[in-house]
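These notes are about the structure you will find just below.
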Ligand code: BG6
């Protein structure tokens, strides 16, 4: 089921997707931004700050902001580009070729599009079309399929991220598997390059890293909840891991002081190697996140089975 509604609190337009099994997703047209993803029991799986602001030109703090045409401060544009704080449109007729594999007849989805206005063209002088299909699968998995088309007469170059805020029970009890032994750029040390040494990534202070050349599958294991998020990605070689921790949390106006304990950003991204499109070319990427009981695979917490399965 696909439903178009106006948010009671903010008056903003959003789309609700409901899978027959009961899982749901909510997408705000503002930012083309997934702001809720719930499993069949109605449990929220994405973090959304209680202080999130739903008003241009502020990006919504939580859910899945779309960072385009620039990730972070990797360029001269505003932080994370402008797509996350612009109004997108519902696209009832996305252009051929028939876009994306895996859209079953009963899987609810919505197609959104962002094209630059005259104002955006002043900020970034390139004609583009940015498409996003958001879809809920039979097992409640949440998929975002992204396409960028160059509709200009000159090539352009961009970086990109799906800035996913996952909801976790207690950040100190979370670990990420799939990024060990990889190189990363540390945003907390002027983007200096290091190699990950640990067996898995755990959290006891601020983290802001861009892992490079990451595998297509990453597992985020929430021990308290006995839940594993499995993030699968294509076309997005990097993975940003961010938690602001206590001090930065307090400094952010749209983030509760203690909320850092209950969120973790794992962002499928293309940052290190920017993408260049010639006129008429298209770039495509895909992210699928599922939430499974950690014990599902072997009766014990065994994330290796998640990654190798
Ligand atoms: C992460 C960046 O992706 O987003 C961090 O790596 C940044 O450096 C964080 O602080 C939040 O960014 P923003 O612009 O939403 O406050």
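Backbone N, Cα and C atoms are what each Cβ position is placed from, and that goes for glycine too.
Database features (TrEMBL):
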type	residues	note
BINDING	61, 79, 84	substrate binding site
ACT_SITE	163	active site
ACT_SITE	267	active site
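Feature map: annotations from TrEMBL on the structure.
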{"residue": "61", "record": "substrate binding site", "contacts (Cβ under 8 Å, 6+ apart)": "48, 49, 51, 52, 53, 165, 252, 254, 255"}
{"residue": "79", "record": "substrate binding site", "contacts (Cβ under 8 Å, 6+ apart)": "72, 73"}
{"residue": "84", "record": "substrate binding site", "contacts (Cβ under 8 Å, 6+ apart)": "31, 32, 33, 59, 60, 65, 66, 67, 68, 163"}
{"residue": "267", "record": "active site", "contacts (Cβ under 8 Å, 6+ apart)": "67, 161, 162, 163, 164, 239, 240, 241, 242"}
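Classification of residue 61 (substrate binding site) by DSSP places it in coil, neither helical nor stranded.
When every Cα pair among 61, 79, 84 is compared, the largest distance found for this substrate site is 14 Å. The DSSP secondary structure for residue 267 (active site) is strand. When Cβ atoms from all protein chains are considered, those within 10 Å of residue 163 (active site) total 23, not counting its own. Sequence-ordered, the extra residues of this chain that approach the substrate site, with Cβ no more than 8 Å from the Cβ center of 61, 79, 84, are 58, 59, 60, 65, 67, 80, 85, 163.
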